[in-house]
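The next block holds one structure in the form of structure tokens; read it before the comments.
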């Protein structure tokens, strides 16, 4: 009777798709070369025949060690997956050449005997796949290469079976043997009945009164060539394999390759195949079958060339076509969003910026002081870079003029006096991306030249501001007034944080990073927002007309400045010195000015100190400014006084801006300037008198 085989069907765990997604995105990138993947199969005693013979691909299949064999009772299969870059490449891959190459690996291992070290190659497989990382659709096609026997093997006698006692003894003996051999040998082995001896030691679970009249002996495939069967009668010799098939008469696919080995290595044209279908928990069921096989006589048993190879899997409709898994149908939407947020960023590492450190950016905790126009755009750009922790501080409410310029707010947010900006901005970010860790605090920042009306409340606001600055990595100054930025500038410098600042004019903007505390004892560092001031910041809203009180700018200025500010932050984070990175120094002059990357392999380019933009002529200038020894916010005397006095210093400074001017040295600078101006005026007066006398003499 002709022999028929039950083909393998693929069965992929959902976590495997996620692992393949991550592997492609984070490691393989454009590399589409084949990589190992572990397959597993097992006898399923309770499964319908159609549900048996499954090649299982677990979630850990890509990372499993070569010595692993998966859960207890499962047999390993050696596989490779080729995950190509485009669907066109998938379609154009030569499928015949691919399966032929897989068959050659099996054939060569049989020919040179290396199959004995890795019998699991007889159950090998290949996967051709394409992962659409944007749509979470995986197109894949399994191949289970099988070498065809010619002439075919046929069953010569009825199928044999073991009784319950024989099966139990066999299962026990195989279990003992497996502890002594490599896991790759577990699926294929030799078995013989040794008669004339006691059945040998039994498990405590066996019935001690049962004697089957022989004992089982198990050997590896290689043992055939060293005389394993020499002392056994022909009817007591079995070549065995783990058979996941539940069909009463049809063995599973791996037997095809095993029969080639039997012919090519053992030179046999007649053999008893033990299809091992029993498991330890159900060893009394005796499900294994014995196939007496023979093939027609041939002149030479040894094959001279590799036989025909087949084995591409049919899809659910029975067609020779690939399968498609739409992972989006099974994934939690929040998890989908998580992976989608990182997708474009990780694609940067494929070609354009392979050294980009995305984790550093992602894990940077950002504090945004101001949730208005700048705060809205900055937060959206931070989300685009994958930042997961964002905190807003703002004391204002959403007004009807805000939604058209501030993209985090809607018309409904303006009703009933307006929702608190910081709270609503946080809620809006959460709606955009649920995975962001965002908070909002309706908090007033203490400001210079603004009197303290409630000291307890102002101190509580100061304490909360200090707590938030200390717990974040990057501080963004995005408020409307100059004086509101003074205290956060001072606190950020004292805490050695990354401080980012953006300010707008009608058609101009400045984007800058504040200088950090020097790494050495020098005082040479980059300046802050206040280092160009010759007076201490005061109440800028007092006695101002409406157009001076509102931020009147061209609508695109805020978006441009915000984008540059976030890009500057990411460049800082990619520099090995972070906030201590030096500013680039220009080479050349005029239109020929240029800058060099420092370091030269910085993935994003320059890390400037300031970028000043002019929308009237669409130009940017890169500026490098040193810290000012008499700066009202970052000079050493002011920093030392703040570190020593804390709230007491801040309370004094808020009560009298002259105190800050005297402490920093700005007051003395002004006195010297006034004195110099007076002396210059006196000198000009003297020069004028001399000229008049001369003119008189000429006349």
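Including glycine, each Cβ sits where the backbone N, Cα and C put it.
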Residues flagged as motif 'GXGXXG motif' in Swiss-Prot, choosing from 358-363, 364-369, 370-375, 376-381:
370-375
Taking every residue in the region 'Homodimerization' (653-691), what is their average pLDDT?
76
Summarise the motif 'GXGXXG motif' (370-375) as counts of helix, strand and coil residues per DSSP.
3 helix, 0 strand, 3 coil
